[in-house]
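K.L.:
Dumping what TrEMBL says about this protein:
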- 187-356: domain 'BAAT/Acyl-CoA thioester hydrolase C-terminal' (DOMAIN)
- S212: active site, charge relay system (ACT_SITE)
- D309: active site, charge relay system (ACT_SITE)
- H344: active site, charge relay system (ACT_SITE)
Amino acid sequence: MCSLWKREGIAAALSIKILFHQTRFRSVAYFFSDENGKIELGKDPVVFGMYNGIDRMGLFTSIYTHPAEKQTAKLVLSPLPNELKYSLTLHKREERKVLAETAIIRRILHENVQRVILKHQILEGTLYIPKVTGNQKLPCVLDLYGVAMGTREHRAAILAAHGYCVLALAIFGSGKLSKRHEDVTSEYLQSAVDYLVSLPFTQNHCAIVGTSFGGTLGYHLLFKKPEVFCALSINGQRGHYMVSQMNENGEKLPFTPVLPQNLPNIKFSKGFISYGEMYGSCELDDEHMLQFENLRSHQRLGYIAGGQDRAIDGLVQGREIEKILRDSGKISQYSLLELHDCGHIIDPPYLPLNDYLYQGGFEDLQLRTITFQVVIWHLVESRTRTD
């Protein structure tokens with residue numbers, strides 16, 4: 001709750017800002033105070049601003065790259081900080097003078113979570129371990145972040161704060177690994193599952209959450225490993241294209257290449273290259289498809305599709321998977337969530353946005369903030385409650 005002076009109907013602006021590694025992010029919203037000169041975010045609607053309606057966390061939900069920053073500026077929490085410092089300010093609409101200002105600290109690494117960099121013969125990544133009491137066995141999640149070199153840990157840290165042991169696995173470009181994502185192997189990924197479920201404080205099965213290429217790899221693992229009981233793909237692909245190549249038993253798995261006739265479908269959006277239509281024009285051969293027929297009765301698939309995704313067409317991918325599983329009589333094991341105004345990267349709550357990665361409208365941002373938890377929480381907890 002923010003206090004203004006006692007005067008009915010004063011128009012005031014609230015803004016929240018982050019300065020992280022010299023990059024600025026902000027959100028602004030305008031309100032009318034009540035007759036007592038107060039604004040209550042959980043009750044008062046936004047008059048106009050960077051989010052709509054009534055949302056007590058709306059300023060955090062809609063944090064966006066500052067207009068003065070480069071269009072590609074984004075919040076990359078690598079290495080992961082222990083906390084983020086937000087600055088919340090209040091001023092009258094007509095004036096620039098700050099009436100009130102306060103700092104809000106958001107902890108990224110929970111005080112009861114241990115961060116351990118792997119020292120493993122094969123694997124590269126970071127393990128997040130919640131505090132264990134007695135003989136407790138933790139539910140565990142393998143986190144695969146797609147075509148991003150090194151390890152992306154923010155999602156793992158947030159999940160771990162909710163009681164999950166999470167391995168944020170590097171796929172390429174880290175330590176002993178190849179610098180090329182095309183060189184990732186099935187054996188490497190399977191080793192990660194074996195390692196995670198063999199820890200003395202984890203359960204003997206795990207979930208996988210993957211974004212983009214990571215979603216494709218997560219599905220591949222689900223079909224390979226019975227220990228994987230569910231996989232959530234965020235705008236992943238249903239098979240192996242040029243961008244989602246991988247290797248098994250020393251050989252490249254068959255994949256659908258980009259042909260010369262597909263190249264005219266490369267588009268430019270907001271000054272950036274958009275590949276969605278190009279990949280949509282590449283017909284995926286049956287032999288390049290992931291092995292959905294190998295889905296076991298105890299396993300579950302989840303898919304989150306961004307309708308404004310211009311990296312791939314997430315809606316097409318999610319619906320094609322739905323059709324495959326319906327035709328095979330396994331549709332009850334699949335959940336598809338379509339976010340029509342979201343883009344390629346759909347992250348946990350309150351991480352700043354930018355057009356370069358998200359390339360979508362803002363109408364579904366409030367839904368975006370809860371989607372990740374709702375789907376992964378349901379998939380993981382529904383299993384852990386029954387074991």
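Even glycines carry a Cβ here, placed using N, Cα and C.
Unlike curated entries, TrEMBL annotations are predicted automatically.
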K.L.:
How many neighbouring Cβ atoms, not counting its own, are there within 10 Å of the Cβ of H344 (active site, charge relay system)?
P.N.:
22
K.L.:
What does the structure give for the C-alpha distance between S212 (active site, charge relay system) and D309 (active site, charge relay system)? Integer Å is fine.
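P.N.:
Distance between the two Cα atoms comes out at 10 Å.
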K.L.:
Between D309 (active site, charge relay system) and H344 (active site, charge relay system), how many Å separate their Cα atoms?
P.N.:
5
K.L.:
So for D309 (active site, charge relay system), how many other CB atoms are inside 10 Å of its CB?
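P.N.:
Result for D309 (active site, charge relay system): 26 other Cβ atoms within 10 Å.
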